[in-house]
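What follows is one structure encoded as structure tokens, with my remarks underneath.
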Amino acid sequence: MARNPAEYCLTENQMLISYHWCEKLVIGYILPCFILFGFTGNIINLSVLLAPGMKTRSNILLASLAVADMIFLLFIIPHSMAHYRIFSFNYYFRKYYLGNKMHLLAVLNWSSAAAIWLVLAVCVERLIGIRYPLSVRKSRSFHTYLIIFGIIFGTGLLTFYIHFSYDCPMLTFCNGTQPHGICMPVDSPVWINNRTNPHPQLLRTYVRWSIHINAVFIVFVPILLVVLSNAFLILTLRQRQKFLQIGTSRTTSIRGTDQATMQMRMEQKVTITVCAIVTCFTITQAPSAVVTISTGNVTLGHPNWQIYMVTATTFMVVVGKSLNFVLFCLSSANFRQRLVTMTKERIVKRRTVRRFSCDSMGTTTMTTAFSTVTDGRKTSKISVLKNKQPKRRAHSLSVDVHSQKPKIPFRKMRGMSEVNEALLPSSNA
């Protein structure tokens, strides 16, 4: 290789960002379909959960979970695009992707960590709500927003080290037309070209300890708490189901008891939806947690096994974040009814707007045509009057000449009177 990178041109195999066929097939071709489906489904979830009259504590937490999933699906798109030749050989995409790859991974881990703790918050809130219904009525929405802000801030601090965990120096080959980068761990004892690690010891210690803290508080502890709280929630649902069956079999005329039973049934329906979401989340996220903890600690016999495991767990995570809309539709009759009602209202509203716009356009056209016809009639009448008035004047004048006596001006009449008075004999005479 030449000493100057600008004088050396990389081959197509050296330019490839992804080398393995399994990663290219799953992340490059299959994953975009789930990304599109999941992003659209989470938008629908937000429109229903944040609708007027639907803003409960559980719905606010589930809406925050939908936002975290949307961020994850949005920032994983560049990793999927990197498996296409049209992007992997593009100068601007390579420069952006290779230069910001670790920042994209940091946002992905941040949103995934926030989603784990939000799922735990939803599960605990449902467990408290179904065991102690009065505590839910006393609580305020301010506390819920405070919990969400604490989760976002805490997970952001715990995953902030990923921005600095790898150093990715970029070189431009082939006269500045082929940008390429190699990522090296910050705490690596060996550096490029057998040089010493240029990063300070404090940064290396911070990254090394942050990896272990992240594995404990982002992966192990929340997953364990989610599994335990979900198990307690399922046991509570079974006990509540037996109680509701006994209460339904007994007929009572007390109105307060009926209202309490209806409230319990509503709480149970919400809890069933939460249980479905939490169970799906645990099944799809737990393998990724195991792989994350075992990375770097367990040595596998075959070198491709690591790629297979990371690809499979990434696919499961994306599928889990895309199935929330399906779970809402299957487990919640209130969600389905609300979604159908909102869809019908929007369709009727669009039709009304279109009809109103068409009617207004038609009215404007008719008004313009009517005004045009009216102006034309007025113009024609004025022209006719202008044409007829002179003739009427000539005719009337000719009639007046023959029929009437000539009119004498006032001055002449006055002069005649003076002359006549002068001709009259005076009284003195």
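The backbone N, Cα and C atoms fix where each Cβ goes, glycine too.
The domain 'G-protein coupled receptors family 1 profile' annotation in TrEMBL covers 41-328.
Per TrEMBL, transmembrane segment is recorded for 26-48 (among others).
Per TrEMBL, transmembrane segment is recorded for 60-82 (among others).
Below 8 angstroms of C-beta separation, residues 58, 61-62, 64-65, 68-69, 71-72, 75-76, 78-79, 147-148, 151-152, 154-156, 158-160, 162-163, 165-166, 168, 183, 214, 218-219, 222-223, 225-226, 229-230, 233, 274, 277-278, 281, 285, 317, 321 of the same chain, each at least six residues beyond the ends of the transmembrane segment (102-124), sit close to that stretch. The transmembrane segment annotation in TrEMBL covers 102-124 (among others).
Same-chain residues lying 6 or more positions outside the transmembrane segment (145-164) and placing a CB less than 8 Å from one of its CB atoms are 60-61, 64, 102-103, 105-106, 109-110, 113-114, 117-118, 121, 186, 203, 206-207, 210-211, 213-214, 217-218. What TrEMBL lists as transmembrane segment is 145-164 (among others).
As annotated by TrEMBL, transmembrane segment applies to 211-235 (among others). For the transmembrane segment (211-235), same-chain residues at least 6 beyond its ends with a Cβ under 8 Å from one of its own Cβ atoms are 109, 113, 116-117, 119-120, 123-124, 126-127, 130, 155, 158-159, 161, 165, 271, 274-275, 278-279, 281-282, 285-286, 289, 292-293.
Annotated transmembrane segment per TrEMBL: 270-293 (among others), in sequence order.
Same-chain neighbours of the transmembrane segment (305-330): 20, 22-23, 26-27, 30-31, 34-35, 37-38, 40-42, 44-45, 48, 65-66, 69, 72-73, 76, 112, 115, 273, 276-277, 280-281, 283-285, 287-288, 291, 295, 336, 339, counting only residues six or more beyond its ends whose CB sits under 8 Å from a CB of the stretch. The transmembrane segment annotation in TrEMBL covers 305-330 (among others).
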Per-residue pLDDT averaged over the domain 'G-protein coupled receptors family 1 profile' (41-328), given as an integer: 85
